[in-house]
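Heads up: the structure comes next, in structure tokens.
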Amino acid sequence: MNPYVLVILLSSLGLGTTLTFASSHWLLAWMGLEINTLAIIPLMAQQHHPRAVEATTKYFLTQATAAAMILFAATTNAWIMGEWDINSLSHPLASTLVIAALALKIGLAPVHFWLPEVLQGLDLLTGLILSTWQKLAPFALIIQVAPTVDPFLLSSLGLLSTLVGGWGGLNQTQLRKILAYSSIAHMGWMIIILQFSPQLTLLALGTYIFMTTTAFLSFKMSLATKISSLSMAWAKSPTLAVTTTLVLLSLGGLPPLTGFMPKWLILQELAKQELPLTATIMALAALLSLYFYLRLCYAMALTISPTTTNSILPWRTPNTQSSLTLALTSTIALGLLPITPAILTLVT
């Protein structure tokens, strides 16, 4: 892609998200979401591969549907209540429609079906943008409208997303689909705690972004797109294989890694709110996700020589990717747990 075009598209991505962050009017927020969608579509279709074009079409249709629903909900609220302000979404029909549309935007269950299919059709870097940056603007709106939404609806979305994210990833062999189901499960953790502690939602979103960025960049560095190709990672770069294994365990939420911190604090907050059953279901759903992360770790770290593998040894093409970003995100994705008290002081 032409570098000038790439700069324009990436600037538009930044502009769309910033516009949604800064807006207090529904039309401006909707405009920011539309700029975001239109900016990422050329990045998704740049491969000129039938699967990439199919993924782009699916993404465009789902995002256009969600945007139309947001506009309809905002218009309904303005018609009934006379308010266009984001924080004045007081009519229950409008707030339910908005949360359904935003759930479709970020891929929460039960409207998650597009996410694994779309992510599977993209290259890893575009998939990284879709899994991290594209979640920010809708999440900003979700946090703002959450106080007016029925708590039962938020809890249902959160529980269903963690369960679907865990179950869906169990039988996958493609890394991008596994990361898509991982994303659905993490979004569920963020939504479930939103009504009780928005600060924990932001903390969970921040740690998710760093861990997912590290996972995508690690797979990009080792040129892996399916589980069988991970089995050769150790022979190519033992250091990368070790850090990627640890990052996957961090995504699963194992101590003493960063990923344990948001899960621990969310379960603690749910227990404080006297919701032991919800906390138990969330903890059990985390075990489902942990299983498929352990599958990846097994393929990467426990199938080394002299164990024979069924995969064909790929060509060792020279890798031009800079490892500085990967090193920084790996450090954050693995080592933040000891400074949990300091982070809690910042976010609360």
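The backbone N, Cα and C atoms fix where each Cβ goes, and this holds for glycine too.
Features reported for this protein in TrEMBL:
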DOMAIN    23-288  domain 'NADH:quinone oxidoreductase/Mrp antiporter transmembrane'
TRANSMEM  57-81  transmembrane segment
TRANSMEM  93-115  transmembrane segment
TRANSMEM  152-171  transmembrane segment
TRANSMEM  178-196  transmembrane segment
TRANSMEM  202-219  transmembrane segment
TRANSMEM  240-261  transmembrane segment
TRANSMEM  281-304  transmembrane segment
DOMAIN    290-344  domain 'NADH dehydrogenase subunit 2 C-terminal'
TRANSMEM  324-347  transmembrane segment
Does the transmembrane segment (324-347) come near the transmembrane segment (240-261), with 3+ Cβ pairs under 8 Å (pairs 6 or more apart)?
yes
Give residue numbers and ranges for long-range contacts of the transmembrane segment (57-81): same chain, 6 or more residues beyond its ends, CB-CB under 8 A.
26-27, 29-30, 33-34, 37, 40-41, 44, 88-91, 93-95, 97-98, 100-102, 104-105, 114, 117-118, 121, 130
For the transmembrane segment (240-261), could you work out the same-chain residues 6 or more beyond its ends whose Cβ comes under 8 Å from its Cβ atoms?
182, 203, 207, 210-212, 214-215, 218-219, 221-222, 233-234, 286, 289-290, 293-294, 296-297, 300-301, 330, 332-338, 340, 343
For the transmembrane segment (281-304) against the transmembrane segment (93-115), do we get 3 or more Cβ-Cβ pairs below 8 Å once near-sequence pairs (under 6 apart) are dropped?
no
Looking at 93-115, 152-171, 178-196, which one has the highest count of Cβ pairs under 8 angstroms to the transmembrane segment (202-219)?
178-196
